[in-house]
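Since the structure comes first, as structure tokens, the remarks are kept for the end.
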Amino acid sequence: MKKKLVLIIIDGLGLRLESQGNGFALAKTPVFDRLFQEYPNSLIAASGQEVGLPEGQMGNSEVGHLNIGAGFVVYTGISIINNALKTGKFFENEKFILAFRHSIKTGFPLQIMGLFSPGGVHSHQDHLFALIDFAANFGVKKLNLHLFGDGRDVGPKSIKPWIKMLNLKLKNYENYKIASISGRFYSMDRDKMFDRVELGYNALLGKAENTFTDPIDYINFQYEKGVSDEFFEPAINLKVNKKDFLADDHPVIFFNFRPDRARQLSHLILQTDLYEQKPKNPIKTDVFVSMMKYEGINCLVAFEEMRVENPLGKLISMAGFRQLRLAETQKYAHVTFFVDGGVELELENSDRILIDSLKVQSYADFPQMSAVEITDKLLEVGQNYDFIIMNFANPDMVGHTGDLKATIKAVEILDFQIGRICKWAEEKNFDFFITADHGNAELTEDENGNPSTKHTTFPVMLISSDKTIKLKSGKLANIAPTILDYLGLDKHPDMDHDSLIIKDK
């Protein structure tokens, strides 16, 4: 008889022994407590080299879901680009050179934009520093930087030392300037909040209510208003000539390598067919370089990604299983696009259900997010499927606020929903595996009681509802082979990692 299975991916829930600042350990979680005590479980590595990132680099949702679906370690953006820097191939990149030549030929400034931090989730400031040196050595005369404050994958107010480093570098180049600053809340939205994105976009054009002549002074001004890096109000540098802000035919390099939060701003600049929203102040440029491919955005791509040709969902579909993908808006792309290898696959016998995320200023005020509605939908339609991949977003998204009490509440709400799923699975003859894509909620306050808003390097869980099996520890790349093994299906030869189900000798 064909087994029916749910793969529950909890976003941003790692395992950490210390209870201080630990939104998981401090929460009341009777369901998780019972699962850990009574059911097969093991530890899963979800960061650093184990998921294709640099050593010590915290995991993230994109990389986590890619590895879960691939069955092998997927080397992504930061690792590919860092390797190009190490080998020197970065400084031979034809797409960058094309943008440089266009700037030199036309006399228009090169516009470089992206998330400015060492967070390594969406971008890395070292890549920007390398681009500046590359452009200068190639002969680019004018260069404008449009920096997005992070405050999420790094500390909430951590940008100043890096701006000071950047200013020291820019002193070497007469017409290289920080032209605009905005928070990622504006310039990197992914929830179709185009009213926000347009404010970030307008700053690229030199149109903003806020202005500055010294970036550090502006950052201090924002801090005095209680505004952290993530939420910097878009502002422009009065020392930059109006005609030198982004305009028709200016070459652009977007140095974010992760696509999901780069697509909307890229769409406004290029006016693609990806979204209906059009900018109120359109410009036209044919020289737009993205660091990696942004799905749905037709532009020059500096670095090619690793290809996942035979992800878990494809093999499940080929085996004749009817499958469902279920998540709320914040993580919908992750249980579809990313878990399928970073491409939009149309799979036979496969449905997708999107539950709308709440449109709010802060998820700390709504720690439940859409967890209840997701569970409701599973209980309503789940029995119609053989294999389900679902995601709960609230430990990660609430953890990103750095609000420990709200994170504890988010975990407690999640625990109750997992309990509902356990009962449903038993009634409907479903099995389930629970894992997570990376850590976050388990470290929401540092040792000094300050908010910690970033992901972590702690391992995550793998729990099975089947008491007849035993699990060994592994990494996210072991998840797909484990699922296939459990369902009695062969893994694809591309999957070089093994099942974590311990076989009797």
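If you go along the chain as it appears here, the first residue is 1 and each next one adds 1.
Each Cβ is built from the backbone N, Cα and C atoms, and glycine gets one as well.
Under a cutoff of 8 A between CB atoms, and with a sequence separation of 6+ in the same chain, the neighbours of S61 (active site, phosphoserine intermediate) are D11, G12, K331, H334, F338, D396, D437, H438. Swiss-Prot lists S61 with the feature active site, phosphoserine intermediate, giving sequence analysis as the kind of evidence.
The feature Mn(2+) 2 binding site is assigned by Swiss-Prot to D11, S61, D437, H438. Counted within 10 Å of its Cβ, the other Cβ atoms near H438 (Mn(2+) 2 binding site) come to 28, all protein chains included.
Counting only same-chain residues at least 6 apart in sequence, those with a Cβ under 8 Å from the Cβ of H122 (substrate binding site) are G114, L115, D153, R184, M188, N256, F257, R258, R261, A262. Residues or ranges marked as substrate binding site in Swiss-Prot: H122, R152, D153, R184, R190, R258, P259, D260, R261, K331.
Among the features that Swiss-Prot reports, Mn(2+) 1 binding site is placed at D396, H400, H455. Counting only same-chain residues six or more apart in sequence, the Cβ atoms lying under 8 angstroms from the Cβ of H400 (Mn(2+) 1 binding site) belong to G12, R152, Y363, N440, T453, K454.
P259 (substrate binding site) counts 25 other C-beta atoms within 10 Å of its own C-beta, drawing on all protein chains shown. When the binding-site residues R190, R261, H455 are scored by other C-beta atoms within 10 Å, H455 scores highest.
The Cβ centroid of D396, H400, H455 marks the Mn(2+) 1 site; residues of that chain outside this set whose Cβ lies within 8 Å of it are D11, G12, S61, R152, P395, M397, G399, H438, N440, A441, T453, K454, given in sequence order. Ranking the binding-site residues D153, D396, D437 by how many Cβ atoms sit within 10 Å of each one's Cβ puts D437 at the top.
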